[in-house]
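Worksheet for the structure shown next.
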Amino acid sequence: MKTLLLTLVVVTIMCLDLGYTTKCYKTGERIISETCPPGQDLCYMKTWCDVFCGSRGRVIELGCTATCPTVKHHEQITCCSTDNCNPHPKMKQR
């Protein structure tokens, strides 16, 4: 009986682990950590300048992605694959 229970526990843990998805920081009204949708296993941080760059700094976008986005003119993009590996630069200063 104990062997059966132990086997069920091990199988359950293995099944739960197979469904694991990455967690990334995401920008919106505020910066939050969210579980990425299935298939989006990378976190990214994209920065660029807009017309207010001189007064407020670069625009920063954080989120999940399936593949690292293509860099466009005047953008900087970094991608990573561990949980919450894309913190906002101001979060790193704490």
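Keep in mind that glycine also has a Cβ here, set from the backbone N, Cα and C atoms.
Worth saying up front: this structure is predicted, and the values here are computed from it rather than measured.
Long-range Cβ neighbours of CYS24 (disulfide bond) (same chain, at least 6 residues apart, Cβ-Cβ under 8 Å): SER33, GLU34, CYS36, LEU42, CYS43, TYR44, LEU62, GLY63, CYS64, ASP83, ASN84, CYS85, ASN86. Annotation source Swiss-Prot lists disulfide bond at CYS24-CYS43 (among others).
Sequence annotations record features per position, and here Swiss-Prot assigns disulfide bond to CYS36-CYS64 (among others) based on similarity to another entry. Every protein chain shown contributes to the tally, and the Cβ of CYS64 (disulfide bond) ends up with 21 other Cβ atoms within 10 Å.
Under the three-state DSSP scheme, CYS53 (disulfide bond) falls in the helix class. The disulfide bond annotation in Swiss-Prot covers CYS49-CYS53 (among others) and is backed by similarity to another entry.
Under 8 Å, Cβ to Cβ, and six or more positions away along its own chain, CYS79 (disulfide bond) finds LEU42, CYS43, TYR44, THR65, CYS68, PRO69. Feature annotation from Swiss-Prot assigns disulfide bond to CYS68-CYS79 (among others).
If you look up Swiss-Prot, you'll see CYS80-CYS85 (among others) marked as disulfide bond, on the strength of similarity to another entry. Following the DSSP three-state reduction, the secondary structure of CYS80 (disulfide bond) is strand. Within 10 Å of the C-beta of CYS80 (disulfide bond) we count 15 further C-beta atoms, all protein chains included.
As annotated by Swiss-Prot, signal peptide applies to 1-21.
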* Structure fact -> Reduced DSSP state (H/G/I helix, E/B strand, rest coil) at CYS36 (disulfide bond) is coil
* Structure fact -> Across all protein chains shown, the one of the disulfide-bonded residues CYS36, CYS53 with the most other Cβ atoms within 10 Å of its Cβ is CYS36
